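This report refers to the structure that appears directly beneath it.
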Amino acid sequence: MTFDAASYTTQLNDKVARLRDLLAPFDAPEPQVFDSPLQNFRLRAEFRLWREAGERHYAMFSQDDKRTPILIEEFPIASQRINQLMPRLKAAWQASAPLSHKLFQVEFLTTLAGDAMITLCYHRPLDEHWHKAASQLAADLKVSVIGRSKGKREVIGQDYVVEKLEVGGRTFSYRQPEGAFTQPNGTVNQKMLNWAYEALGERQDDLLELYCGNGNFTLPLATRVRKVLATEISKTSVNAALSNLSENAVDNVTLVRLSAEELTEALNEVRPFRRLQGVDLKSYEFGSVFVDPPRAGMDPDTCELTRRFDNILYISCNPETLAANIAQLHDTHRITRCALFDQFPWTHHMESGVLLTRR
């Protein structure tokens with residue numbers, strides 16, 4: 001695969017045209033386009049291991065053929081740190097039976113700030129020999145090492161990496177736990193955060209955030225409003241978000257572990273939730289809602305919930321479901337801002353953002 005600028009520009013223009021066509025029925029403005037580095041943009045990578053000629057190799061499989069491995073020596077789309085670590089880790093397992101025995105998968109997680117973690121997955125219990133070898137590996141490579149085996153986990157160092165991103169002239173620190181979702185393209189993520197920060201603007205009222213994850217958007221957006229009520233269902237993400245709020249001294253956010261559907265019931269006073277004890281929903285003066293839903297988009301009830309708000313800031317990883325949600329809201333809201341974020345260069349996937357404002 002070649003990574004030349006001309007091919008990249010052609011692919012990016014195709015994505016812009018696709019987004020433009022999907023949003024054309026809603027009189028959307030021309031999208032702002034945020035491009036990606038051509039290489040070394042991906043901060044995480046996962047490889048299976050494949051034995052050939054008595055040696056284990058990094059391997060991946062194409063979506064069309066799950067049986068034939070593609071052996072990998074380097075991975076140009078991954079961060080420079082991952083590419084530096086790959087041969088050193090391979091040399092380490094080749095020289096160490098405790099590290100290599102029944103090792104079947106390796107995961108790397110890195111950050112723009114230079115932090116790194118390696119997860120090693122095994123088809124066997126981990127013993128003291130593994131622990132000693134993994135501790136030496138962590139020291140040699142200056143990384144945290146996680147060992148996984150049948151639901152058990154051994155941690156050498158930390159079970160998270162720390163990312164630092166600049167938004168609106170302020171640097172935010174993010175704890176990103178092993179196994180939790182993080183944005184894979186750090187450079188584009190930072191551009192996306194700054195776009196959302198500018199799109200929301202300085203406000204005197206409150207923000208509702210659905211699907212807040214580890215607080216990726218929550219931290220900078222909280223500095224633009226009076227108060228934030230944020231929801232997330234993943235316990236790992238909730239704990240990371242709480243840690244990130246504390247670490248960054250952001251004290252105007254209340255985080256509740258509810259699904260978007262449950263929050264809709266709570267706001268409609270359908271039934272009480274124990275997890276909302278101590279939260280006075282009537283004290284909020286919501287002017288805006290921020291949503292970053294999964295690929296399926298918002299379900300119809302959640303979409304109706306967002307209609308209550310004058311401003312809907314929507315980040316989408318699936319432009320088709322974004323368009324379907326906008327179609328539901330189009331009679332009351334219009335697109336005033338639109339953006340394409342090329343989180344996934346060299347694929348057909350794209351991230352997009354819109355600001356919908358009440359007519």
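We number each residue from 1, going along the chain as drawn.
Backbone N, Cα and C define each Cβ position, glycine as well.
Feature annotation from Swiss-Prot assigns S-adenosyl-L-methionine binding site to Q183, Y211, N216, E232, D292; the stated evidence is sequence analysis. Cβ-based neighbour count (10 Å, all protein chains) for Q183 (S-adenosyl-L-methionine binding site) stands at 24. Classification of Q183 (S-adenosyl-L-methionine binding site) by DSSP places it in coil, neither helical nor stranded.
The active site, nucleophile annotation in Swiss-Prot covers C317. In sequence order, P294, R295, Q343, H349, E351 constitute the residues six or more apart from C317 (active site, nucleophile) in its chain with CB-CB distances below 8 Å.
A strand conformation is recorded for E351 (active site, proton acceptor) in the three-state DSSP classification. Taken from Swiss-Prot, the feature active site, proton acceptor covers E351, and the record attributes it to sequence analysis.
All protein chains included, E351 (active site, proton acceptor) registers 24 other Cβ atoms within 10 Å of its own Cβ. Taking the Cβ of D292 (S-adenosyl-L-methionine binding site) as reference, residues of its chain lying under 8 Å away and at least six apart in sequence are, in sequence order, L210, Y211, C212, G213, F217, Y314, I315, S316. Sequence-distant contacts of E232 (S-adenosyl-L-methionine binding site), defined as residues of its own chain at least six apart whose C-beta falls under 8 angstroms from its C-beta, comprise Y211, C212, G213, V238, A241, L255, R257.
The local packing around Y211 (S-adenosyl-L-methionine binding site), expressed as other Cβ atoms within 10 Å of its Cβ over all shown chains, amounts to 21.
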